[in-house]
Each structure stands twice: as C-alpha cells, then as structure tokens.
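J.: Sharing a structure, written as structure tokens. Questions coming.
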Ligand code: HEM
C-alpha cells in the first residue's frame, strides 16, 4: 500500500516536472533569453595583491595608513564608516596623540545638543566616536549625489564578492570610456547622464563619479608616489582592515589552533592503534 | 540493554557505589557510551559521524549561548550588535565565526551521516525508529539553521525569511493569512525577528532531547555495521569504550582540523556577501539564495514552473517539503532484506546516481536561472523523486544480491586473509 501510494506520488511529481520541462524547452526555443550588456562587458576584478591575503597574511601598517589618508582626503566626502571608531586607528599604528588630533581635526563634527539651550548642534570628535557620516540623513545624501546613496564603507570589503580586489578595480581601473562595441551591440545601453561607465560595477553604470582621477591627488606623508593604481590599492587595504580588524589575530590564533589539533590527531591516532592492536577489524 | 554478554557496571569506590544507589547516572553513561555497550568490531569511519554531529551540536549550543549574551534581537540594532560582537566583544569574532561555520560543519556532518544510512541500509528493520527520529532531528536542524540565518539581519537574512515564509502563501485560500500570522506582520520585521530568536534558542534543546531518544532507540537493537549482517555472538563485538572512544577521537581530530581551517582562514567562504549589507526591505538583492545546505531543496522548489491542476508555486512547495518527508517512508519503500549496498549491485549504482544528482541540484539551486540551468534542475528533481518513490521499490524486488558473509567475524577474517568476496573500499 505504501509502495503503491509512493509510486503514484512519484509519478505525479515526475509528470508535472515533465510538463515544466516541456515548457522550459519550448520557451527557450521560441524566446531565447536576450543577451545583456552586463553579461558580456562586466569584468572580473583584478588582483590587488594585498599582503593581508593568504593563510598567514598580515596588514602592511604603512599601506593601511596611506589608505586611511586616501579615505580621509577623498572618500570621506561622500562615504561614512559607521562601525569604526577613531580609537581603532591605534591598531594600524597611530599613537594616542595622533588619534586625538585626527579626531579633533575631522571635518565633519558629531551631532550633539547645546548644553544650555538644548538646541541641536555639533561638537568636535573624540577618539571614542565612530567616524561620522558626511550627510545628516539619507535624503541629504541622495540630494547631494544625483539621487544615489553612497553606501557605508566599513564592511564593503566583505559585502561584495572578492571585495578587496573589487574595490581596488572599481576605483582604480574601472572608469573607462564605454566601449564602442557595446554601443553597437546594445544601442539602448548607453550610460545615462549622471551615471558613469565602470566595467567592474555589476550593472556597468555607477552613480559615483570617478573618485581617483589623477596621480598625486593625495600627497602621501611617507613619500610613496601616489599613482591612481597605488591609491586604489591602499584604500582597498584600508577597507580590508575596517571590514576585518581582527584578521591578524585570527590568522595567528588559527596557526596555533591547527598545530594544537594536529598534535591531538597524532596522539589520538596512536591511542587508536594501541587500543586496537589485538583486534582484527 | 542489547546483548547478554554486555559488561556490567560495578562501582568499586564507595562514593561511586553510593551514587549508583541514589542516582545511577554513571551506570547510564557506562551502558550508553562506555564499556557496557557492545558494538560490532568492523565499523568503518562512516560510523564516526553520529558522534561528530553530537560534537557539532554541543559547539553550536556553547557558542550560541555566549553569542546570545551580546546579541540584540531588534530590527533596528541586530545588524549593529553582530558588528559589535565582531569588533568589541572579547574573542567575539571567534564566537561568531565558530557559530556561523559550525552550522555548516553540523549540516555537512549530518549529510554524511544520512548518506551512510542510505548506503548501509541503516533505516531498515530493526532500526526504523532510529531513522524516523533522525529525520525529525534533520527537520529541527533545518528550522534552527534557517531561523539562525535570519538573526544577523543582513540582506540575505531578510530576503531569505521573506522567500521562505512566502511558501505558506502558496496554500490556497488561507495561505496569506497563515503567512501573516507566522511573521506577525506583512513582511519580516521586529515581530518576526524576535520570535525567530526565541525559537532559534529553543529548538537546539528540543533537538538534544530527540537525540537522546535517537540513541535510546539505537541501543535496543545495537549498532549496524558495514556488512549489514546481524551480530551473532560475542566474538562479533567489542565494548564501545575504549575501542570506539579511541576511534571517535581520531574522527573528532579530523573534524576539528577541517573546522579550524574554515573558521580561521576562510570564515566567509560559505557565507554570502550580501549578508554584510544591513536588511533593507526596499532593495531586493539581484539574486536571493539560501545557505549551501538548502540549495538542493531550493532547486527542487524552483523546478516546478508549470501549472497543472494546482498552481506551479504550490507544486514546488509540496515537492520541496515532500522531498524531505519522503524519507519518513523509506524503511517501507525499500523492501529488500539486504541492508548493505556492498551486496546490492543495482541499488549501489542508483545510489551513486542520486549522489551526483544532489550535487547537480546543489549547483542549480545557487546558479542564475538560465534556461539550461532550469532544465538541468527539472531533470535532476525528477530523478530525485523517481529514485525514492519508483526505482527503489522496484530494485528491492528485482535485484539479485551478492552472497552475504555468515557473520561479522567471518567477514573480518576473510578481509584480513585477502580473500573476501566483498573487498570494497567502503568496508575497511
Ligand atoms: C542546532 C544548532 C544550531 C544551528 C544549526 C545554528 C545555526 C545558526 C546560523 C546559521 C546562524 C547565522 C550565522 C551568521 O551568519 O551569523 C546562527 C546565528 C545565531 N545563533 Fe545559532 N544555531 C544553533 C544553535 C544555537 C543555540 C543553542 C543558540 C543560543 C542558545 C544560538 C544562538 C544564536 C545567535 C545569538 C545567533 C546570531 C549571531 C550570529 O548571527 O552570529 N544558536 N545560528
């Protein structure tokens, strides 16, 4: 009885799947999926070659600091970093005094209230503050950016596939002229005004204007030549750190854990051999 | 419980004797996982996975309880509270990554455990109840993992909850009402997040309870073994402790090694980047996909694209739930008295096809829905149902099994003499 019912249920599912399959095939033939510009012209991200990659990867403190400088001087005009505090900069090698100075001198102040009148006001940042958003709210952010919202960058390196390389490619090598071939094949796909063609952005047209436009846009305090490629790499290193500040601790702990577990395996294997030595199995 | 030659617990110390009189917990442990439980001597490493699943559940419960001390189940702050666990809580990143990857390890181990059951016919008499309880555990785990994935309140959390609870709206007439009742609103929001957290905390303990029943039911007939032949006498078994405690320790070591590599060196490998974007009901991700362990079932759901009497969506939902619920009937669908696939050449081949089929379904579940992907999914889904509901009952009647060994000991000795007729790689 169970088997009879089962075979009927099975037959029903298989039959309906057969119908669905027929539908898929006929649909495929009568109306093949249109080619899309994204499918053909979207590029896989280039490798930024960051030293934090790899099993025992670590941050290059100087590079992360340079990346912070790029963020400070360029990206922070539009992007927030709401999960990172000024004091976290201690981890990438800034001294306590430097952190205080950076917080105090930060162009965007913290929202606050006037202690006497209770009216809304702002105050300078202190190390325990998170990096403030350059815009008061989403409406203001959109109004200033052609109705697009610049996303928070704290987690960006984990929030995109292959994130660190993606950020590097997007801001360092993504802005090119829209290929003539694309326009020939997809005449309707011309980048609309207000958007910018970027070969690494998912739909190829991004609202962010090219943020890194010329070599030397930032003057690195450590003397490194600030080519667009270098700035893009450095900012991607910085955002890798903001997304995963515990990366180094994780790698070191992992190294120790693996050694410990290997010793455990070795001992367990020995015990196993010993216990079973007289029993064929 | 199981065999007359099982060793008996004899406390020697006065304290243990006293305890044994008042509350015989040590006796219980001795009989359950100690020297008092006789186990076939020929188990291979596939028999490690039950213990490993128990280890994985323990890891989930411990890391989960500590995470819950820092987590805030409120739509406004949940995402931020996970970030502060990752950044500000001592070893918070470790707890969180251990719990997220622990869920994957748990499901991985349980899939191998279920696969062992399919291959060696562990679901057959006299162990049907063990199997049935196992399927209940599997369902509980899936519910727990789904609700856990909602808690970080990222984009995939939110949209996953939206899609999965949307299944209920496929039920005719009352579906939409049920969906709204389950969610406590029209879309996932605070009410849903809170109840998911409550249930996510509860279900692992329910699971632990069912696991106790699962092991209890197992200890009545005793463990199966790779030959599928019943235990005939004392020479066929060894005491669980120290023999299988030692072997399980080896398995545990390898499990922890894989777990550690994942957790410390590639903790986001199995996750989805979109879940690092906070939930936003106004922005639908380009491509909503569940966690890897649900992909085959998701592929089955999506394969039903044709209306036939019932709407396509309802077929999909029925099939998806059916694909798991049919496991409850397996002991009665497969009427072959031979347990181990090592002696069932035809069944073994179909099982191999099923394994490939599941990988195809897993691929399809995560891939973009291009026509050839959908087509592959439809063929693979059809095989899945045909395998269990049509092929299996027929094979059980028509296939000619290979000769079984007379006893476990005979099989072991034959293997060591190098003349076993069934020298399969699986039966080490
Ligand atoms: C059957 C065992 C369990 C499974 C399969 C499981 C699975 C999951 C999954 C998949 C997540 C989402 C991970 C992420 O992406 O962040 C999660 C999160 C969470 N779970 Fe569990 N869990 C289990 C047991 C528990 C227990 C026993 C507790 C608490 C007593 C717990 C508390 C939490 C908390 C607080 C979160 C949110 C934190 C986070 O997302 O990292 N879990 N769980």
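Cβ from N, Cα, C; glycine included.
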J.: Among the residue ranges B:94-114, B:220-240, I'd like the one that TrEMBL describes as transmembrane segment.
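T.: Residues B:94-114 are the ones TrEMBL records as transmembrane segment.
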J.: Taking B:249-266, B:267-284 as the choices, which stretch does TrEMBL tie to transmembrane segment?
T.: B:249-266
J.: Among B:10-30, B:346-366, where does TrEMBL put the label transmembrane segment?
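T.: Feature transmembrane segment in TrEMBL: residues B:346-366.
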J.: Mind checking which residues of the chain, 6+ beyond the ends of the transmembrane segment (B:372-396), have their Cβ under 8 Å from one of its Cβ atoms?
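T.: Same-chain contacts beyond the ends: 299-300, 302-305, 319, 322-323, 326-327, 330, 333-336, 344, 346-347, 350, 353-354, 357-358, 360-361, 363-365.
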J.: Taking the Cα atoms as reference points, how far is residue B:219 (ubiquinone binding site) from residue B:113 (heme b b566 binding site) in Å?
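T.: The Cα atom of residue B:219 (ubiquinone binding site) is 17 Å away from the Cα atom of residue B:113 (heme b b566 binding site).
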J.: Can you give me the same-chain residues 6 or more apart in sequence from residue B:113 (heme b b566 binding site) with a CB-CB distance under 8 Å?
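T.: When sequence neighbours closer than 6 are ignored, residue B:113 (heme b b566 binding site) has B:49, B:50, B:52, B:53, B:134 within Cβ distance under 8 Å.
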J.: So what's near the transmembrane segment (B:346-366) in sequence-distant terms, Cβ-Cβ under 8 Å and 6+ beyond its ends?
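T.: Counting only partners 6 or more residues beyond its ends, the transmembrane segment (B:346-366) has Cβ contacts under 8 Å with 115, 118-119, 289-290, 292, 294-300, 302-303, 336, 373-374, 376-377, 380-381, 383-384, 387, 391-392, 395-396, 398-399.
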J.: Please check the binding-site residues B:99, B:113, B:219 against ligand 1 and give me the ones with CB under 6 A, sequence order.
T.: B:99
J.: How many whole Å apart are the CA atoms of residue B:99 (heme b b562 binding site) and residue B:214 (heme b b566 binding site)?
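T.: Per the Cα atoms, residue B:99 (heme b b562 binding site) and residue B:214 (heme b b566 binding site) stand 24 Å apart.
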J.: Can you check how the pLDDT averages out over the domain 'Cytochrome b/b6 N-terminal region profile' (B:15-227)?
T.: 96
